[in-house]
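Novice: Sharing a structure, written as structure tokens. Questions coming.
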Amino acid sequence: MGEKVPENANLGLNPGSPLSAIESINGEAVPKQMSATRAFTRIFFYGTPTVWCLQAIALIAACGSGVALALVNLVLGNFITLLSGFSSGQDVPADFMSLVSKQSLYFVYIGIARFGCIYIYSTTMTYTALKLGRNMRHDYMRSALRQDISFFDHGSAGSISMQATSNGRLIQSGTSEKLGQMIQATATLIAAFIIAFVTQWKLTLILICIVPALILMVGTAGGIDAGIETDMLKLYAQAGAFAESSLGNIRAINAFSLGTRIVDRYSVYLEQARTLGRKKDVLYGLLFAGEYFVMFAGMGLAFWQGIAMIARGEVDGIGTVFTVLFSVVIASAMLNSIAPNMVTFTRAASAAAELFELIDRPSRIDPFDLSGEKPAYLDGSIDIRDVTFSYPTRPNNPVLDGFSLHVPAGKVTALVGASGSGKSTIIGLLERWYNPSYGEITLDGATLQNLNLRWLRTNMRLVQQEPVLFNGTVFENICNGLVGTLWEHLPRDERLARVKDAAQTAYAHDFIEALPQRYETRIGERGGLLSGGQKQRIAIARSIVSQPRILLLDEATSALDPQAEAIVQKALDKASEGRTTIVVAHKLKTIQAADNIVVMKQGKIIEQGPHGELVARGGAYATLVRAQNLSTYDRGSDYEACDGEEKPGDLALEKSQTFSRHDTFTQEKLALLREREDYGRASKMGILSTASKLVRATPDLKWWYILALITSVLGAGVYPGQALLLGNVMDVFDPELDQSRGNFYALMFFIMAICLLFVYMAMGWVSNHIAQAYGHDIRKRTFAAYLRQDLRFFDRPENTIGSLTSRLDSDAQSLFELMGFNITIIMLSIVTIIVCSILSIAVSWKLGLVGVFAGIPPMILGGVIRVRVETKMDSDIDAKFSKSASIASESITAIRTVSSLAIEEDVLLRYTNELDAAISGSRTSLLSMMMFFAFTQSIEFFVLALGFWWGSKLIAAGDIDFYQFIVSFMAVYFSGQGCATTLTFASSFTKANAAANYFFWLCDIKPTVRETDQNKDLVPLNGCTSYDFDNVQFAYPLAPDTPVLKGVSLTINPGEFVAFVGASGCGKSTMISLLERFYDPTSGQIIIDGGHHLADLNPRVYRRAVSLVQQEPTLFPGSICDNVSMGIDQDGEEVDDEMIKQACLAANAWEFISSLPEGLNTPCGTGGAQLSGGQRQRIAIARALIRDPRVLLLDEATSALDTGSERIVQAALMEAASKNSRITIAVAHRLSTVTNANRIFVFYGGKIVEAGSHSELVARGGIYTGMCEAQNI
């Protein structure tokens, strides 16, 4: 909750004129592909006036820094003139040193100016980049939330949350201090040419040909690179969406040992991206080679023409030539500096273009649209008139065909029928997730499309078949039901009172009060720390807290145990009084009091009427009723749950079994645990150790690393060579000009340029190859490491799906930036520092020692301090950004819940608040960090001042000559340049070091449940024919003081069908988790086949004999065929269509699959979103059956099936079990599914309190009998 996001926050409506960026394809508005230049420019329209003012200041400061750098050429020219004059005897030593001191002070002044300018632009640019990234992420998230549901049906949900984080990070990188460096380089280039023109225009005109050649190369390469990068980002977005969907289904991946197969599918996207990326090998080779060739060829041209012009008397002296030469050289160097940063800018532009595609996409059903009617009074009468509807993903497969229904105001209307008959589709149309293809739906006579969408949804509350909660407190989750109502902004105490009333109505208050922090207890991502029944009760409370006029219940009690279901049903019946209520149900017990029951089949109504009338009619409904009746031999049990009275001790039971997975540690203990377990070892690795380990981690790139080192050494050789050449050139410019020697050295520069052409061609090629390999390898290995982890890893609060997916991309990007071009340039710079320092000291140790040790150590020290400060800042920012990534992932994945609650603005506010927290927390660190950055980039000018002054003093004293001074001094200068270049990558160091530390820690984690050398050969003796639980106790790892199972002992014999029943949260699903070896018991043991302990077996081999169907089945992206075939072990037999068909027939899924236009090739969508709940569950059952398991675990496996499908599937399961002595273990709330079980175990408070067959337990008249009574119709 909180203040609303202001309307003008939708910054995407202003920049770039979105309407002009729209075109129509097949009748649907689709954004045009935006050019990289336009996309990059449009980023800056996301600034606020404050941001623009700061950027203007940064622009001026960057230009000032660039101009200061260009002014160095004037001072250098004057120094050369002074030195030349002194060496020819024109000045006496005293006058010479006086002039030298004056010129040296100019270097000091320039250094001070550079420090101030660099500090200002780097600080403001980095801060405004964070703000721009924040605003773009906000606008992108807003655009995502405003899309109609049909957009998400195409599988875009996962990529949206990933792109919001990863693309935002790329945009920040491309608009931060690197942009300031680009502006600085441009200012230096312009100022340098102005100085050159003013100094000697004719020589400058000759040399200016360098510039268009460089511009042509950089511009052409940039355009090609941007196009390739855009395509690569799309593939990485698809890979991220697949990874996010897979991590959300981690239990199925573990259960079916799908890790390798899922990684292989993920790798397909990465391989396509790497193939595209390798197209840039030649591109960057030519770019690097061309730049350095042009620059050094230009230097040769400058000397050749300069010597000729001096000989002709057109130039006054050597100082003028050097001023022009250095100006042109530094201008060329500035153009060359664009190349390493070109990758950053093109990736930022491509990332922005990708975000703008969604930002500019119009929505047909826009929740942010303020238009539409808002009736002052709502009666609640609904009329569906001749509606025909097909889902956009299957336009030729109508779900509703001429459907008409009147829903009277204030009455309860129930929809029943087989899965896929259109029941939930009607709910979707009423929620306006879709509009009818034909026909109309009216509310109190007003067409739904004419009503304000937010008003409609706040007056119409929905409880879905698979309840979705959000990462937050219980109070916050229930309060989501107040958003958009009169009670949204009530004082907290008043809202809490309403929340408690709703929780009591939903039979949730007692278990909430038993939680560690009661209503302030955090429930984990997607409510993962609660049982299914507890989640559903909170979802019901959320829906009724606002006292809506219309209530939509889509299998609202499907996850509740019979006791809770009976009580909650009575509460819902009460809540429905006076309200228009539409109920979708398979459990007919829950709708027998409905005013009108509508029986549907294939999108049409086949009969309707009250319960008694339909039963008397003896039609389809009566058949369903008979199928669900349970026989109880003793009606006089003491368990009168159906009367809504709590059995004595129910509250104690709730307290003992609730919130089994919640972390009961204090926040301080949890922080210590997280630090100790997650980051203790990783934080000890420094940059050098990390780099060494990264190289060793990719042995297949060994020869490429060697090539990179060789090209770096050869490339670095140019700088000492240049110093030697410059020293020799100075001898040419004496009173007796030796023009032939001058031409020879000019030719040497040209020969050097030709050598560099080949060296830098190889360097660019090798750098890109390494970078692309890392982009592929790190993503793949990180994802594989995630999938290797056991459930303990994913239970941890920091390991949300959104944060893991975000890290998967961002860490790979950080290592990509370091280990590609940057690492090659860094190696080149390091070699330059070493070789030039040695050369300087060797030629003149007196000058070299002072220059090297006065300049290099302070620069390195400043860089190290900066790295440490930035590491901490990045860690803090990443932690906060991971929270925003989790919100994005959770909200987009649950977009139907978000839209039904009309909480888009609230979600956007939470998301934006996390972004703001990340930025505000970085200010202090940013101010201190950039001080050291400015220091490392300006200290070289103080070293120049010292070097020139000390060198001149040595010349005046006769200790060195002019040649020694030039060679030694220029070597020190190039050494300082190399050090400064290396330190410009400090940001890359910190990000890559943190990413590498996390990567190696992740790869080194040894899950508790894993295959080891000790257990790899340990397999079940008889192939899983029996289980013995011996005093098994269990508590979840993050809640060791909260036992879930308390001394469970039981035996499961060969071929038995056993069932676990009991209240929600009593430990039934925990038993399934132990049997799947998601966890091992805290104490006690599980013996399998009378021999091995289950905890000692190879989990991968053991799970081959076990199949699991979960309570809330989630499918993988891909076709129905892909999902069913995942039940077969990858190392096992080949899957053919007949095997898939037989599995689908056994799961009663073949009929609906055959009716689909694409049959088995029908895409399931993200999480199976393109199928109904019942269809998803049948696909999951088929996946479990295709492997013909020895043990079948059913965790509410048929809860989403209609009665007919349920009976067919149950019969198929029992038949298969009887044929091969299969053990079937079922967790069930719908007791009709387990009446045929050999034994039924009733759980109460983590213990078994009753056991026996259905008839035995009913005859006993205990808890189980009461449960049966509650479900009889």
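Yeah, the Cβs are placed from backbone N, Cα and C, and that goes for glycine too.
Grabbed the feature section from TrEMBL, which reads as follows:
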- 43-61: transmembrane segment (TRANSMEM)
- 56-347: domain 'ABC transmembrane type-1' (DOMAIN)
- 68-86: transmembrane segment (TRANSMEM)
- 106-130: transmembrane segment (TRANSMEM)
- 179-198: transmembrane segment (TRANSMEM)
- 282-305: transmembrane segment (TRANSMEM)
- 317-338: transmembrane segment (TRANSMEM)
- 382-627: domain 'ABC transporter' (DOMAIN)
- 703-724: transmembrane segment (TRANSMEM)
- 706-991: domain 'ABC transmembrane type-1' (DOMAIN)
- 744-766: transmembrane segment (TRANSMEM)
- 815-841: transmembrane segment (TRANSMEM)
- 847-865: transmembrane segment (TRANSMEM)
- 930-950: transmembrane segment (TRANSMEM)
- 962-986: transmembrane segment (TRANSMEM)
- 1027-1270: domain 'ABC transporter' (DOMAIN)
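In the displayed structure, how are the listed features positioned relative to their neighbours?
Specialist: Residues of the same chain lying 6 or more positions beyond the ends of the transmembrane segment (43-61) and with a Cβ under 8 Å from any Cβ of it are 11, 14-16, 116-118, 120-121, 124-125, 127-128, 131-132, 135-136, 139, 171, 175, 180, 183, 348, 352.
Tertiary neighbourhood of the transmembrane segment (106-130): same-chain residues 47, 51, 54-55, 57-59, 61-62, 64-65, 68-69, 71-72, 75, 171-173, 175-177, 179-180, 183-184, 918-919, 922-923, 926-927, 930-931, 933-935, 937-942, 944-945, 948, selected by CB-CB distance under 8 Å and a gap of 6+ residues from either end.
Same-chain residues lying 6+ beyond the ends of the transmembrane segment (179-198) with a Cβ under 8 Å from its Cβ atoms: 58-59, 61-67, 69-71, 73-74, 118, 121-122, 125, 129, 204, 207-208, 211, 323-324, 327-328, 330-331, 334-335, 337-338, 341, 345, 984.
Sequence-distant contacts of the transmembrane segment (282-305), counting only residues of its own chain at least 6 positions beyond either end whose CB sits under 8 Å from a CB of the stretch, comprise 203, 206-207, 209-210, 213-214, 217-218, 221, 224-225, 321, 324-325, 328-329, 332-333, 335-336, 339, 342, 715, 718, 729, 742-743, 745-750, 752-754, 756-765, 767-768, 821.
When pLDDT is averaged over the domain 'ABC transporter' (382-627), the result is 84.
If one looks beyond the transmembrane segment (703-724) by at least 6 residues along the same chain, the residues whose Cβ comes under 8 Å of a Cβ in the stretch are 292, 296, 695, 752, 755-756, 759-760, 762-763, 766-767, 769-770, 773, 823-824, 827-829, 831-832, 835-836, 839, 966-967, 970-971, 974, 977-978.
A Cβ distance under 8 Å defines the sequence-distant neighbours of the transmembrane segment (847-865), meaning residues of its chain 6+ beyond its ends; these are 833, 837, 839-841, 932-933, 935-936, 939-940, 942-943, 946-947, 950-951, 954, 960, 964-965, 968-969, 971-972, 975-976, 979-980, 982-983, 986.
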Novice: Within the same chain, where does the transmembrane segment (815-841) have neighbours whose Cβ lies under 8 angstroms from its own Cβ atoms, ignoring anything closer than 6 residues to its ends? I mean 6 or more beyond.
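Specialist: Long-range Cβ neighbours of the transmembrane segment (815-841): 284, 340, 343-344, 691, 694, 708-709, 711-713, 715-717, 719-720, 723-724, 763-764, 766-768, 770-772, 774-775, 778, 847-849, 851-852, 856, 967-969, 971-972, 974-975, 977-979, 981-982, 985, 988-989, 991-992, 995-996, 999.
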Novice: Near the transmembrane segment (744-766), which same-chain residues lie under 8 Å Cβ to Cβ, leaving out any that are not at least 6 residues past its ends?
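Specialist: Tertiary neighbours of the transmembrane segment (744-766) are 281-297, 299-301, 303-304, 307, 704, 707-708, 711-712, 714-715, 718, 721-722, 725, 728-729, 732, 821, 824, 828.
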Novice: With Cβ-Cβ distances below 8 Å as the criterion, list the same-chain residues six or more beyond the ends of the transmembrane segment (930-950) that contact it, or say none.
Specialist: 72, 79, 100-101, 103-105, 107-108, 110-112, 114-116, 118-119, 122-123, 126, 177, 847, 850-851, 854-855, 858-859, 862-863, 865-866, 869, 969, 972-973, 976-977, 979-980, 983-984, 986
